[in-house]
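Student: Got a structure here, written out as structure tokens. Questions coming.
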Amino acid sequence: HLGGPTTFFLVWLATFKLLLFSFNQGPLAQSPPNILHFISLASLPISLNNNISKTKPKWLFLLKVLIFPFIIHAYNYTQNLHPYFILLLYCCHMYLGIELVLALTAIPVQTLLGFDLQPQFDEPYLSTSLQDFWGRRWNLMVTGILRPSVFHPVYRISLPFVGPSCSLSTAVLATFLVSGLMHELIYYYLTRAPPTWEVTCFFVLHGVCTAAEMAVKRVMLRRGWRLHGVVSTVLVLAFLAATGRWLFFPQLLRNGVDKKAIEECATLVNFVKSKLPLHLLTFSLF
């Protein structure tokens with residue numbers, strides 16, 4: 001829980017932010033003329049908010065904080081649980097763990113430096129398409145970095161040669177490929193094992209499917225066809241879970257990262273419980 005975020009913050013995001021800054025683009029180019037602000041924006045997964053965004057209810061974040069310990073506790077009964085339910089636990093753990101880590105990183109910076117920061121996630125479990133999930137809801141800091149550093153340059157370079165439609169697909173595939181390679185690097189720091197390229201294949205597969213989905217959606221919308229939102233959300237989440245089980249999680253599971261992460265989370269949960277007043281602890285148990 002320290003190695004993974006540190007790699008994500010410094011090896012991936014900070015490097016790409018500095019690359020964009022060298023071309024006078026990205027969040028660092030918008031940084032106030034203050035070295036502390038510059039270092040904070042460079043080394044942490046935060047970006048200044050230049051748009052008026054809807055404020056999420058505070059109870060929703062609190063609910064996620066309360067759900068997380070129950071997920072950790074459920075791992076004690078994995079021998080009695082169906083493999084699909086365990087997969088659901090892994091998916092929820094991954095989402096809530098990342099969102100809480102990023103939020104806990106951003107809140108002190110927002111409080112101390114007075115930044116108005118962009119949200120990290122936008123309820124990805126409500127996604128109605130892969131494009132909606134990856135482009136508008138999941139880990140928006142990464143999306144905001146990959147779009148100007150990979151997507152836009154590839155689109156502009158390929159546009160004169162293959163036209164708008166193929167350029168769009170090429171840019172999508174290039175973006176997912178870069179994301180896969182950077183995840184491969186994060187996996188190396190987590191496992192200290194040689195790359196197996198499974199997580200790269202996961203993102204390349206999602207890039208191909210997202211590009212195909214965008215092409216199909218253009219045809220469907222022209223003909224007035226549209227899936228119901230509930231149906232499309234179920235299909236998207238099922239596809240993410242199935243491909244995650246196939247390509248995203250195996251390398252982590254083989255190298256025991258899941259067990260280490262669960263032990264760390266359990267230790268943290270027990271530490272927090274030991275510090276709670278007795279009446280609050282009793283309430284939480286019942």
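Backbone N, Cα and C define each Cβ position, glycine as well.
Straight from TrEMBL, here's the annotation block:
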TRANSMEM  7-23  transmembrane segment
TRANSMEM  59-78  transmembrane segment
TRANSMEM  84-107  transmembrane segment
DOMAIN    118-204  domain 'Wax synthase'
TRANSMEM  166-190  transmembrane segment
TRANSMEM  227-248  transmembrane segment
Student: Give me the mean pLDDT over the domain 'Wax synthase' (118-204), rounded to a whole number.
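Tutor: So the average pLDDT across the domain 'Wax synthase' (118-204) works out to 93.
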Student: Taking 7-23, 84-107, 166-190, 227-248 as candidates, which has the most Cβ pairs under 8 Å with the transmembrane segment (59-78)?
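Tutor: Between the candidates 7-23, 84-107, 166-190, 227-248, the best contact partner of the transmembrane segment (59-78) is 84-107.
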Student: Taking 7-23, 84-107, 166-190 as candidates, which has the most Cβ pairs under 8 Å with the transmembrane segment (227-248)?
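Tutor: So the stretch in question is 84-107.
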Student: Quick test of the contact rule: Cβ under 8 Å, at least six residues beyond the ends. What residues does that give for the transmembrane segment (84-107)?
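Tutor: Long-range Cβ neighbours of the transmembrane segment (84-107): 1, 5, 9, 44-46, 61, 64-65, 67-68, 71-72, 74-75, 78, 117, 120-121, 124-125, 139, 141, 240-241, 244-245, 249, 258, 261, 265.
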Student: Looking only at residues six or more beyond either end of the transmembrane segment (7-23), which have a C-beta under 8 A from one in the stretch?
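Tutor: Distant contacts of the transmembrane segment (7-23): 29, 41-45, 105, 141-142, 145-146, 148-149, 182, 185-186, 189-190.
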